[in-house]
Every structure is written in structure tokens, then in C-alpha cells.
Amino acid sequence: MSKLERQKLTLPKGHDKLLLHSCCAPCSGEVMETLIESGIDFSIFFYNPNIHPVKEYLIRKEENIRFAEKHNIPFIDCDYDTDNWFARAKGMENEPEKGIRCTMCFDMRFERTALYAKEHGFSLISSSLGISRWKNMQQINDCGHRSASHYEGISYWDYNWRKNGGAVRMLEISKNEEFYQQEYCGCVYSLRDTNRWRMKNGRDRIQLGVKFYSNAMDDEN
Ligand code: SF4
């Protein structure tokens, strides 16, 4: 689907701007373009203390900043409080992806997003997390609604960013922008598990900081 076919969005009634939690540039690129083309006022909120190691965290963040700056979108760079993340993940180290550790991880990121929204005059939050086909959208939306419910006057927008060609354009934009292509979800446990799977399937371990999207890639990537 071409970029021109994108539908214009409107914010849910009663809201005039959006605080968009972003997990990374590839996931938020399409969401950002849709919001820009819809004339929606929004800011990016980057709070992802799950990402490990710091080298990977910085690459993902810088890619997101690069795209936000290109479009003059405010970028809020929040803490990298990994100690808190690891404290909350204690006992869940061997949980599978999409399990309770991920619920904790989404909760933590959305709680901080909702708090920032409350303290800075936003009434609506959302996230690029749900656009990835590797994620459980219901799990993400449940976490978003739960976090927003802790703060009076804050709502979570559970718009399905995958639909209307969103998932296809996400890849298209990633290639055009030559975004860094992360190869695991983000935390040290997802890195470990992805590497275990790769080795079992005769593939090399993940090398951080080397893989980028490009138009030369085939659509399987
Ligand atoms: S696998 Fe992804 S969502 Fe789950 S805990 Fe790790 S970083 Fe968070």
C-alpha cells in the first residue's frame, strides 16, 4: 500500500493532543507519519529501561531521535532506570515472551508514560508497541488501560496501528529510512532466548549494531 492511501485519523473525542510512548524507530515510524499526516498534535515519550545492553538502548534511541527531529516532533527522553526494571523482573527471568514478564514490562513503561502525561497536561496516551506482529495486542492494550486508570483524567488510546496497511508501511518506512534493525525484543532475557533459538537452528548469535533495513532487502525481513 502506498503512503498516499493512508487514512486520516482523529483523536478520540475530548482530546486535543497525544503523548505517544515509543519503543523504537521502526515501530513508531509509521505511527508518527500517520499522526503527522492527520494533523494530530503529539510528542514522543521514550521510556524503555528494558532494553539491554546500553549499546543497544542508545542505538534504538538515537534512531528514534533522528526520525523525530526530521519531522520536528518533540522527543521526551526519559530515564534509563534499569535497576528498577531488573528489580521488577526478579523471579520472571525464565518466563516466555508474551508472558507475565512482558506484562510487567509493558505496565512499567505505560505507568511512567501515564505519570508524565498527568504531570505535563496530556490527557491521552498511546504506544507504538502494538504495531509489531510479534506482540500480543490485547496484552499491550490491557496494560495501557490499566496504567491510565491510575490517573484521573488520563485515557489510553487503543487504536490498532496494524490495520489499514500500517504493518506494511512500517516496513516500507523502515527500509526508506534505513533504520537500525533490532533482532530481539529488548531485554537481556529476550536476547538470551533469541540467541538460544538461533544457535539451535544453526544461525549465528546476534551481533549488536550491525543490521539496518534497506530497500535491497527482501520482504521476508
Ligand atoms: S521480551 Fe520484550 S516485552 Fe517481554 S520483558 Fe523482555 S523486553 Fe519486555
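Every residue, even glycine, has its Cβ placed from backbone N, Cα and C.
Secondary structure at C105 ([4Fe-4S] cluster binding site), as computed by DSSP, is helix. Spatially close to C105 ([4Fe-4S] cluster binding site) yet at least six residues away along the chain are N50, W85, A89, C187, judged by Cβ distances under 8 angstroms. What TrEMBL records for C23, C24, C102, C105 is [4Fe-4S] cluster binding site.
Residues annotated as disulfide bond in TrEMBL: C185-C187. C185 (disulfide bond): 20 other CB atoms within 10 A of its CB, across all protein chains.
Of all Cβ atoms in the shown protein chains, 24 besides its own fall within 10 Å of the Cβ of C24 ([4Fe-4S] cluster binding site). Checked against ligand 1, the binding-site residues C23, C24, C102 give C102 as the ones with a Cβ under 6 Å from it, listed in sequence order. Each residue contributes its Cα atom, and for C185 (disulfide bond) and C23 ([4Fe-4S] cluster binding site) these two points are 10 Å apart.
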